[in-house]
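Chemist: Attaching a single structure in structure tokens format; questions to follow.
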Amino acid sequence: MIGAITSGPIADFIGRKWAMRVYSAFCVGGWFSIYFAKGSLALDIGRLAGGYGMGAFSYVVPVYIAEIAPVNLRGALTTLNQVMICTGVSVAFIIGIVLSWRTLALTGLIPCAVLLLGLFFIPESPRWLAKIGSQKEFEAALQKLRGKDADITHEAAEIQDYIEELEKLPKANMFDLFQKRYLRSVTIGVGLMVCQQFGGINGICFYVSNIFETAGFSPSIGTIIYALLQVVITLIGATLIDRVGRKPMLLVSAAGLVVGCLLTAIAFYLKAHELSEKAAAILAVTGILVYISAFSAGMGAVPWVVMSEIFPINVKGVAGSLATLVNWFGAWSISYTFNFLMEWSSWGTFILYAAINAAAIVFIVMVVPETKGRTLEQIQADINA
């Protein structure tokens, strides 16, 4: 959450590339602290540093991708970030079975090294360069991204005109986000993060093996199926998002989440009342796998895609930080309350999550616009008109 609060202003001040270097340094320090830990203090410091880096990365990476991507690939490339996150989680699940936790901590250095090396070969965000007035660097970065023979005149002019309009506005702070001008984009960005997290994903994700065990299914087999499903379906979603659109994928995903929660709720109700243990186990496993498939199909990646598209560049830092903060607060609160809710009522917990996901469908229908096939400038001008 601290990373989320500071990530936007830092990325606005030093640029997207330097921000990623700083956050990598936090992650590297965190993993070394865990590896060399002799007691709980070093472990806590490592978790704090790594958590800060991850919280900050979760904002700056989708924003950087959205700012460099051409219109027809923006959704797919931003979703690819979520594919890589799912892949990383799945790989950690699998190699964690055979490696000690100290060695596992060292493997976290590999993506940091790849990123730090890769940053030498990629350009800075052209939109950020335009915002700070680096005209030559802006045009060079855009040309490098689009290819040396591409005509960037129209795109460069559109970005420049939009930024000139925004520069006439005063520099925004957190309180300015609640002005009428920005309220709709903030409502969309923060609202989607609430829908994503409060539908129960982190409670289910962190306790998936316990859920399988409670339902009477092999936790190791269940966890591996869960991890593989996440990667495969998120990857399929990345290929569809720029064809199908953001809104249909969110609606299908939220509907699937409701079904998954209801199936799991019925399973735990049967188990609690000792009605049919075999049916309960089948329903619980089916419900959880439907849930993670539905989440991976849209609600996992699309809120980050939309968040990276809707905020004007003059408020992107503070607005993006607010949306990311709400996301991580939701992740913490759901993870923290999940066990207490399960003790209160296992089937009641999933009915509650089903109700939240049903409310998300209403929110998406009523509030969220379609952003497919439009430039960032067109999207932001329409939303904040």
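Cβ coordinates come from backbone N, Cα and C, glycine included.
Since the structure is predicted, the reported quantities are computational estimates derived from the model, not experimental observations.
Here's the feature list from TrEMBL:
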DOMAIN    1-372  domain 'Major facilitator superfamily (MFS) profile'
TRANSMEM  18-37  transmembrane segment
TRANSMEM  49-66  transmembrane segment
TRANSMEM  78-98  transmembrane segment
TRANSMEM  104-122  transmembrane segment
TRANSMEM  186-209  transmembrane segment
TRANSMEM  221-241  transmembrane segment
TRANSMEM  248-270  transmembrane segment
TRANSMEM  282-306  transmembrane segment
TRANSMEM  318-338  transmembrane segment
TRANSMEM  350-368  transmembrane segment
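Give me the local environment of each listed feature.
Modeler: Below 8 angstroms of C-beta separation, residues 3, 7, 10-11, 43, 45-54, 56-57, 60-61, 64, 102, 105-106, 108-109, 112, 115-116, 119 of the same chain, each at least six residues beyond the ends of the transmembrane segment (18-37), sit close to that stretch.
For the transmembrane segment (49-66), the list of distant contacts is 1-4, 6-8, 10-11, 16-17, 19-20, 22-27, 29-31, 33-34, 74, 77-78, 80-81, 108, 125, 304-305, 307-309, 316, 320-321, 323-324, 327-328, 376: same-chain residues at least six beyond its ends, Cβ to Cβ under 8 Å.
Residues of the same chain lying 6 or more positions beyond the ends of the transmembrane segment (104-122) and with a Cβ under 8 Å from any Cβ of it are 17, 20-21, 24, 27-28, 30-32, 34-35, 46, 50, 88, 92, 95-96.
If one looks beyond the transmembrane segment (221-241) by at least 6 residues along the same chain, the residues whose Cβ comes under 8 Å of a Cβ in the stretch are 75-76, 79-80, 82-83, 86-87, 89-90, 93-94, 208-209, 212, 249, 285, 288-289, 292-293, 296-298, 300-302, 305, 372.
Cβ atoms under 8 Å from those of the transmembrane segment (248-270) belong to residues 192, 195, 199-200, 211, 214-215, 237, 240-241, 276-277, 279-284, 286-295, 297-300, 302-303, 346-351, 353-354, 357-358, 360-361, 364-365, 368 of the same chain, restricted to positions at least 6 beyond its ends.
For the transmembrane segment (282-306), the residues of the chain that approach it from at least six positions outside its boundaries are 58, 62, 66, 74-75, 78-79, 81-83, 86, 188-189, 192-193, 195-196, 199, 201, 204, 208, 211-212, 214-217, 222, 225-226, 229-230, 233-234, 236-238, 241, 246, 249-257, 259-268, 270-271, 327, 350, 360, 368, 371, judged by C-beta separation under 8 angstroms.
Within its own chain, the transmembrane segment (350-368) has Cβ neighbours under 8 Å at 184, 187-188, 191-192, 195, 198-200, 246-247, 250-251, 254-255, 257-258, 261-262, 264-265, 268, 287, 299, 306, 341, counting only residues six or more beyond its boundaries.
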Chemist: Could you pull the average pLDDT for the domain 'Major facilitator superfamily (MFS) profile' (1-372)?
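Modeler: Mean pLDDT, the domain 'Major facilitator superfamily (MFS) profile' (1-372): 91.
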Chemist: What residues elsewhere in the chain lie close to the transmembrane segment (186-209), defined as a C-beta under 8 angstroms and at least 6 residues from its ends?
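Modeler: Same-chain contacts beyond the ends: 177-178, 219-220, 222-223, 226, 250, 254, 257, 261, 288, 291-292, 295, 299-300, 302-303, 306-307, 310-311, 319-320, 322-324, 326-327, 329-331, 333-335, 337-339, 341-342, 349-350, 353, 356-357, 359-360, 363-364, 367-369, 383.
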